[in-house]
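**Q** The structure that follows is given in the form of structure tokens.
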């Protein structure tokens, strides 16, 4: 066996200098190890080295190469999933015209639940998706999710009433989108580290681009080929998403690959399920910084989506003579894409958890812009508010995944993002209906928009605690490490003193 590089040179020379001879007798045993002991020690060294190389340390992100193709695939995923969801307003009008019954006065309420259920299910399923991502990897999870989404969207084009859409569009299609979307956030952290903020900005900008273009495309398709054929055409987006999922080549082994010793198997191989205690990694919440982050983000989102849902109706009531009300959402989509690229790049220059300050800044401005909506007496002022709101919306979204990687690391980022998105589904579902209820009671949206600006401020204040908690933890670790180092130095010094004292006594005795 080739000797280890860490083995002292003097020891090697001593072993080489000993000539072979007869086996020692029992009366004079050699102090050194025998041949069997040497082989055991060598085997232990090899085992330790193999254990270290078996995946205990995550691989270094390549910062490019195949990762650029992964980035484009993730960009298509974000664009197709949230572009379709954000353009539901166009489908909403077509569904009303297609399924409307003369004796049904609640048709708008029923139709609205289709889109609301779909958006909520995407985020609600994310904690479950994170488990599948850890168990089977990003590639398998994303591909299967896109296939399920394709089936749900295609089956939605064959219904004859609004109720089956709750299952086909609101649950099956949304769950498939969730399984395809969440791995697209996780896989980027495996391929990028230094450029992760910029890459996430580019990927999340895909939803802005699709949000700008899809409403125009859907409007033309519905007017020419009607609703059902439009849904079938949208299935093309899901099929491309299915193909894009195959680009998520894994760098970090999944849980199943670790349990099987890292051996590769077929794509749809049968695997033994993990125990429940290993499925959901609740130990993440023992990390105080992540627990605060997972509480602060949903708290800020109680008012986050109120302008996106009720802005059109507010403009209709406040500015009756304005025809192009859709330009407000186009402004939000354009500046949101700019914000994702801009702040994603800025995040690359902020070390560690200081990236959280960008989210704090974005929530403060989003809350302020929400409160300014009722104060706008001119449509031009409202356009300016929407431009600013979209810019900081892009800031908040683009750095979500980089912060998760900073707080828990790449190995646990999947479930960290999944838990967060699951928590986000609650305020996203509850906030807009509360604003609608206030409008029904008061006859105006003014109070609703004022109140919608409060939760982003509160959530931003909570997020400010994260850098403080992190720095306090680092100081404690440094202090403990310094104490251990001092104790070790004192032990070494005392051992040297005791050794020198023994030598002095031995020499004195021999002289006497």
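Cβ atoms here come from the backbone N, Cα and C positions, even for glycine.
Here Swiss-Prot flags 1-63, 133-141, 190-201, 254-291, 348-362, 406-416, 470-512 as topological domain 'Cytoplasmic', drawing on a curator's inference. Feature annotation from Swiss-Prot assigns region 'Disordered' to 1-44. Annotated transmembrane segment per Swiss-Prot: 64-84, 112-132, 142-162, 169-189, 202-222, 233-253, 292-312, 327-347, 363-383, 385-405, 417-437, 449-469, in sequence order. Feature annotation from Swiss-Prot assigns topological domain 'Extracellular' to 85-111, 163-168, 223-232, 313-326, 438-448. As annotated by Swiss-Prot, phosphoserine applies to 260, 495, 498, 500, 501.
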**Q** Between 169-189, 233-253, 385-405, 417-437, who has the most Cβ pairs under 8 Å to the transmembrane segment (292-312)?
**A** 417-437
**Q** State the residues, same chain only, that lie 6 or more residues beyond the ends of the transmembrane segment (202-222) and have a CB under 8 A from a CB inside it; answer 'none' if no residue qualifies.
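**A** Tertiary neighbours of the transmembrane segment (202-222) are 71, 74-84, 86-87, 89-91, 94, 184, 188, 229-230, 233, 326, 329-330, 333-334, 336-337, 340-341, 344, 394, 397-398.
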**Q** Quick one: DSSP breakdown of the topological domain 'Extracellular' (438-448) into helix, strand and coil?
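**A** Computed counts for the topological domain 'Extracellular' (438-448) are 8 helix, 0 strand, 3 coil.
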**Q** Can you say which of 64-84, 142-162, 363-383, 385-405, 449-469 has the most Cβ pairs under 8 Å with the transmembrane segment (327-347)?
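**A** If we count Cβ pairs closer than 8 Å to the transmembrane segment (327-347), 385-405 scores highest.
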**Q** Quick one: do the transmembrane segment (64-84) and the transmembrane segment (417-437) reach 3+ CB pairs under 8 Å, ignoring pairs fewer than 6 apart in sequence?
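**A** Counting Cβ pairs under 8 Å, fewer than 3, so no.
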**Q** Using Cβ atoms and a strict cutoff of less than 8 Å, what residues sit near the transmembrane segment (142-162) while being 6 or more residues removed from its termini?
**A** 77, 95, 99, 107, 110-111, 114, 129, 168-169, 171-181, 183-184, 227-229, 231-232, 234-235, 238-239, 241-242, 244-246, 248
**Q** Summarise the model's confidence over the topological domain 'Cytoplasmic' (190-201) as a mean pLDDT value.
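**A** Here the predicted model's pLDDT, averaged over the topological domain 'Cytoplasmic' (190-201), is 78.
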**Q** Rank 169-189, 233-253, 385-405, 417-437 by Cβ pairs under 8 Å to the transmembrane segment (112-132) and hand me the top one.
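**A** Top-ranked stretch among 169-189, 233-253, 385-405, 417-437: 169-189.
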**Q** What residues elsewhere in the chain lie close to the topological domain 'Extracellular' (313-326), defined as a C-beta under 8 angstroms and at least 6 residues from its ends?
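**A** Sequence-distant neighbours of the topological domain 'Extracellular' (313-326): 215, 373, 379, 382, 439, 444-445, 449.
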**Q** Can you work out which residues elsewhere in the same chain, 6+ from the ends of the topological domain 'Extracellular' (163-168), have a Cβ less than 8 Å from its Cβ atoms?
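**A** Same-chain contacts beyond the ends: 95, 110, 113-114, 117, 152-153, 155-156.
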**Q** Is the transmembrane segment (233-253) packed against any residues at least 6 beyond its ends, judged by a Cβ distance under 8 Å, and which are they?
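**A** Distant Cβ neighbours of the transmembrane segment (233-253) are 55, 58-59, 61-62, 66, 69-70, 72-74, 76-77, 80-81, 83-84, 137-139, 142-143, 145-147, 149-150, 153-154, 157, 176, 180, 183-184, 187, 190-191, 221, 225, 262, 410-411.
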